[in-house]
Amino acid sequence: MGLTKKEKVEKKARSVVKGKADKKAKVEKPSSKPAKSAKPSKSKDEVDELDDEFDEVEGLLEKGDVEEEDEEETNGNEDSEMSDDDEKDVEIEEEDDGEGSDLEEEESTAVVTTAPADAEVVHIASDAERKPFSTIPLSENTMQSLKDMGFETMTPVQEKTIPPLLAGRDVLGAAKTGSGKTLAFLIPAIEMLRKLKFKPRNGTGVIVVSPTRELALQIYGVARDLMANHSQTLGIVIGGNNRRQEEEKLNKGVNLLVCTPGRLLDHLQNSQGFVFKNLKALIIDEADRILEIGFEQEMKEIIKILPKERQSMLFSATQTTKVEDLARISLKKGPLYLNVDEHNVSSTAEGLEQGYVVCDSDKRFLLLFSFLKRNAGKKIIVFLSSCNSVKFYGELLNYIDLPVLDLHGKQKQQKRTNTFFEFINAKQGVLICTDVAARGLDIPKVDWIIQFDPPDDPRDYIHRVGRTARGSASGKSIMFLTPSELGFLRYLKAAKVPLNEYEFPNKKIANVQSQLEKLISSNYWLNTSAKDGYRAYLQAYASHHLKTVYQIDKLDLVKVAKSFGFNVPPKVNISIGASGKGAKSIKGKDNHKKRGGPGGKKFTR
């Protein structure tokens, strides 16, 4: 039988270099002409300043020269999203077609649920009755700060963590996101600095290490409020900040320092006036995330440099073998192991209603568009897998008068910070982002989490949905899956994640596909952005390590292209493997027309 028109198009789109990488494979070079971005009708790219309460972060929003911008993340470590540069290769493990591949994948995402052999184990009942902070011995200064911040009672994690930390114990904490662990480690740290009467000339007494800049900023904000009635000094050093200004402040003396790993190691090795010989406590927050994004070696170097006689606190939402290894070299023997989740039925928050929807690739954007239109008064976070996909969908939605904010790792630090705090302070709105916002960030009153692109593994799923239903609040989550991705559900079931299947009748989904395709074909800026987003989506998809679930060779590329507004898949190149090996040329018709400029357009229904 002859091929149908659709099958011919799909066959053409799947013209790839077969087998392992051909060193002589021709890789399409990106155009030398800079891509122009569609400007949203109501731009949110330029926010003049943060709220007054965050103006005290010296140098963070300086508009002058920023030394060595993104120096800390020269290898892309600080964010988990895929690199979207054509010339950058992506390390991909070859899929093992033999037996046992499923087992290897499950082991790579397995969570260790047993405590270290020498640890004293304390199980925490998440439904325990809350006790007031006044029941533990805290200074009047700290109690006043807690009152000013609106905190009167402790979460179960805080109740079990603060007393042993005040007593000087090393702690390994396994707590769900949203459990109140930031206060749990900051309160004892600040109390210790007060008790020892730290002054600027004494240098740094406490270091808090965070995986991402946004989480570091959030910890800094909480610490600043807690220290409002104390005399000790506070500082922050993160990638994207002005390094010279950071060093000047370190030279003056920072008693409590919040940081990201790469920038901390830089200052430890190169800032001569940085006094850390009096360090009394090291706090490693979101340790699993720090290791996942490639900072294992940096953390080992940091621990080698810092004084050995210190108290250490390590917190991690999931306990993996690498986290255990880090705990072994950073904690004293016989630490206190605090586990909130081990006996819980669910790995996610109790107030979270979560589900999934099965949707073909060509209907994904239509469903997202319809969902956002129907929930215009809600506060929603949409997770995507790559920077360029976030960029495209952000531009597209703003262009068609559906206002959204976007956040990803390719943005300058000032833009990321402004967007982050703008969304925090918003009562409603949509944030489209990569996993840069998936860990630890306390964004209030989020109604919905939409996982538009599926997460890499159950841990990523748990951290994404952890942005809603925080504390005692409620929230909802929905994950988009194609029929070929349903195998991911068994991984979630094994991780004790309860999901319901949602159904959306076709009549409730706005049929704007033809208008979308006309817009993308006629607008050069959106067409270029859509092509970049399409390529980035495929490259991110190829990078998934659950190869039996996410199989790029089984993607219907015609349908995938339609979700980016293309009638025919555009010609793109994705690099799979090291040094350009395994480059795949995914071909299609490059059908953009350079006409149409920035402006606003509405889809009619």
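Glycine too: its Cβ is placed from the backbone N, Cα and C atoms.
The region 'Disordered' annotation in Swiss-Prot covers 1-118, 579-605. The motif 'Q motif' annotation in Swiss-Prot covers 131-159. What Swiss-Prot records for 162-337 is domain 'Helicase ATP-binding', and it gives sequence analysis as the kind of evidence. For Ala175, Lys176, Thr177, Gly178, Ser179, Gly180, Lys181, Thr182, the entry in Swiss-Prot reads ATP binding site, with the evidence type sequence analysis. Marked as motif 'DEAD box' by Swiss-Prot: 285-288. The motif 'Bipartite nuclear localization signal' annotation in Swiss-Prot covers 363-379.
According to DSSP, the secondary structure content of the motif 'DEAD box' (285-288) in residues is 2 helix, 0 strand, 2 coil.
Most other Cβ atoms within 10 A: among the binding-site residues Gly180, Lys181, that distinction falls to Lys181. The Cβ neighbour count for Ser179 (ATP binding site), using a 10 Å radius over every protein chain in view, is 25. Across the domain 'Helicase ATP-binding' (162-337), the prediction's mean pLDDT works out to 92. In sequence order, Gln218, Ile219, Val222, Asp285, Asp442 make up the list of same-chain residues 6 or more apart from Thr182 (ATP binding site) whose Cβ falls under 8 Å from its Cβ. The DSSP breakdown of the motif 'Q motif' (131-159) into helical (H, G, I), extended (E, B) and coil residues amounts to 17 helix, 2 strand, 10 coil.
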